[in-house]
Amino acid sequence: MIRKFLRLFKIVRVAVRYGLDEIAISGFDKPRISKFLDVAFFWRDLSTPRAVRLRRALEELGPIFVKFGQVLSTRSDLFPLDIVAELSKLQDRVPPFDSNLAIKMIEESLGAHPDELFARFERVPVASASIAQVHFAALKDGTQVAVKVLRPGMKKLIDEDVALMHIAANFINRVWADSKRLKIQEVVQEFDKYLHDELDLMREAANASQLRRNFAESKLLLVPEMYWDYCSSNVIVMERMHGIPVSQIDRLIEAGVDLKKLSSDGVEIFFTQVFRDGFFHADMHPGNILVSIEPESFGRYIALDFGIVGTLNDYDKDYLSQNFLAFFRRDYKRVAEAHIESGWAPKETRVDELEAAVRACCEPIFDRPLKDISFGQVLLRLFQTSRRFNVEVQPQLVLLQKTLLNIEGLGRQLDPDLDLWKTAKPYLERWMAEQVGWRGLVEKFKAEAPRYSHIFPQLPRLAHQALTLAAERDVETKQLLAHLVAEQRHTNRLLSFFAFFVGSFVLGAVAYVAYARLH
Ligand SMILES: Nc1ncnc2c1ncn2[C@@H]1O[C@H](COP(=O)(O)OP(=O)(O)OP(=O)(O)O)[C@@H](O)[C@H]1O
């Protein structure tokens, strides 16, 4: 309890010192509490830009908050660009934890000491981040492996810090009415889920395995194999990959790698993941990408770290392809129509208004050669515009937009002349062609075909069942009708009897009155 209180106290102290209360987002009113704190802590120096102060505060609060900042930096749809750009600088490199703790974790998770499991285990980690660290090792058969071990005690730490974040988000919502538009509580909720996902290394191994399968036939991308017998939610063991980090361009040139090809390969890999598989690696920072210089796989990309992946369904792919294609033809009316037809924007949205808004935000982007246009920027502008028209932008599309920016940055670093549009266009057009016209129909038949082998043999039985049911229903209907007719006749008889009885009574009464008057 005291620990929690001290932690809360530290968070509040850091927040006040860095003036986080006055990081009023443009377009929002400054919270009232901020005016009070300005007076109470008049000596605090808030001359440093707000984004830098926010970054420093998160760094001071430790690895969980640093991760939080990294997640916020992916929400360019919610936060202003200065904050997003500054938070992208957050690095979660932290001092490694004691290798004895890593050994203990391996022993507890895999049921044996690393000396028994491996022929060799390097005690000094090769890399260490807030959630896990990586040690190199060799299996008994000599296979070189990388062992990723979860940092001990992370779950408890995360639970405590995230609980405090929930309290803080709640508090902010109470004291600052405008904050609801920033969806702070939802962002914390999403972060909570994201961190708990990251805590399960089995998920990461499964993501890697899926990506490896998707690119099994590819000459462009290598993905380490997972050794499932040595995997648990706290420890995973995978093939050790050898390559040059993609950011070390001098070494790549020295090794004779064709940078132009590498650059367009990167774009091709990304669009294949998006449009063919609907499953993409979403943590494409340069530290996670190597380039192989082994003779048998020379110049191929190597992907590492599969903690964050994005998945897209056909609906998302449709959104992307329709919008990109219309955008690059500068057909803003089509962009607006597509939004309304497909239900992304509310039905009552006026096409001309949405069209004008999209034109206003995108024309400036097109004021340069097509090859210099950023897809990531286009998408970001589209999200920002469509939010004004109550379009709920899906998180997987925001993740994609962020990854796209990374891929573009990386591609242009390798080849400043990279024409992203030229590389991407065939993928978009192929997807569109597969969705519409005869080709689309044939493709959909093909996709359904495996099910036909189950359905066809059942057809006679199903037809017989349907006909029998119809016949039974027919008999049932006839019986019901006969019953109704009988009921009706019975009711009619009762009514006639009643009418006869009442009529006779009235007639009798009239006759009696007439007779009485006469006599
Ligand atoms: N299979 C592998 N083969 C060779 N090196 C590896 C392998 N897996 C990880 N590494 C090394 O360990 C580093 C960290 O790995 P990884 O990115 O998976 O860990 P992380 O804890 O998720 O780090 P971060 O979150 O900062 O990206 C990599 O940059 C790479 O140098």
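Sequential numbering from 1, following the chain as shown.
Cβ coordinates come from backbone N, Cα and C, glycine included.
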Quick one: which of Lys140, Lys148 does TrEMBL put in the ATP site with Val126, Ala127, Ser128, Ala129, Ser130, Ile131, Ala132, Gln133, Val134?
Lys148
Cβ atoms within 10 Å, counted per site: which of Ser128, Ser130 has the most, among these binding-site residues?
Ser130
Across all chains shown, how many C-beta atoms besides its own are within 10 angstroms of the C-beta of Asp283 (active site, proton acceptor)?
21
When a 10 Å sphere is centred on the Cβ of Val126 (ATP binding site), how many other Cβ atoms does it contain?
13
Report the binding-site residues (Val126, Ser128, Ser130) that meet this criterion: Cβ distance to the nearest atom of ligand 1 under 6 Å. Use sequence order and write none if nothing qualifies.
Val126
One residue among the binding-site residues Ala132, Val134 has the fewest other C-beta atoms within 10 A of its C-beta, namely Val134
